[in-house]
């Protein structure tokens, strides 16, 4: 069945390029284009599209205002089209909070060539969006003094324990939901979320303002500390390494792995090699199979692994593949998972195991 797409963008060039890219796919069809949200409102009623692509910054009505109204009145899958700027990344993070499924970045130079290089990725994101489960967003407020789940036992966790997280489509909100429930003395956390360079810094800043723990973009060489989360930068793979008795972050700008840089498989494999039984793996919502092989390696090295269940995923791709490959010990909803991870830690942290 053909997926019907409506393009909303004030740039005639972007409307033309997206139409060409989308219509080249046998299962996708552009049913209309609109230069602004006001025209788009009528077209949505007429054309009944399956997926919208929406420019982040537009005249007449702001893309975020339109998205907020759309999600309140007529929820549907939306893929944001964003500029590779700090402002663009911050607006895109807000769009994900409002309910957008995913986003595509416009190249800074040579837009036509750049967009065509992204054509397969754009098509994949639209397909995933058409199947996405739209999840009602709750308004978020920064965490106050005692928020976060309580730790069982005191002190619960030695600095040897680690939580290793991978996610893709829908992952920005899933990671936020997970981290907001982490107490300030939880183990160190390493995260790979598929996201372009520049956006990971905005993502880390937003999480840092909302969470009880400290959240930062990994720079490489940091000692991994309890109560801290380190997010892979969009330009490099993030790895876990050892430095004497300590765990440290390591960056690698080598080629994509499993079609991605940063890659979840790279992070998970490094955790298998360097943390073994001290690691807890978490695979969240996402398209594709990045992370499935790495999670199996973690399990074989003695880690205990959690996967997000289908009902709470925006896209049940990466968790499904990890479960099918046999690397998952516990499948749970996004709401339940932080508590289950902390329960597991409480039951298994009498003493961290040296590897």
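Glycine is no exception: its Cβ is also placed from the backbone N, Cα and C atoms.
Residues or ranges marked as active site in Swiss-Prot: 168 (among others). Around residue 168 (active site), taking its Cβ as the centre, 27 other Cβ atoms fall within 10 Å, counting all chains.
According to Swiss-Prot, the active site annotation covers 194 (among others), on the basis of sequence analysis. Neighbour density for residue 194 (active site): within 10 A of its CB lie 24 other CB atoms from the protein chains shown.
If you look up Swiss-Prot, you'll see 290 (among others) marked as active site, on the strength of sequence analysis. DSSP gives residue 290 (active site) a coil state; it is part of no helix or strand. When Cβ atoms from all protein chains are considered, those within 10 Å of residue 290 (active site) total 30, not counting its own.
Per Swiss-Prot, domain 'Response regulatory' is recorded for 4-121.
Sequence annotations record features per position, and here Swiss-Prot assigns domain 'CheB-type methylesterase' to 156-348.
Secondary structure from DSSP puts residue 55 (4-aspartylphosphate) in a beta strand. Per Swiss-Prot, the feature 4-aspartylphosphate maps to 55; the stated evidence is sequence analysis.
For the pair formed by residue 194 (active site) and residue 55 (4-aspartylphosphate), distance between Cα atoms is given as 20 Å, rounded to the nearest Å.
Helix, strand and coil counts under DSSP for the domain 'Response regulatory' (4-121) come to 57 helix, 28 strand, 33 coil. The distance from the Cα of residue 290 (active site) to the Cα of residue 168 (active site) comes to 9 Å.
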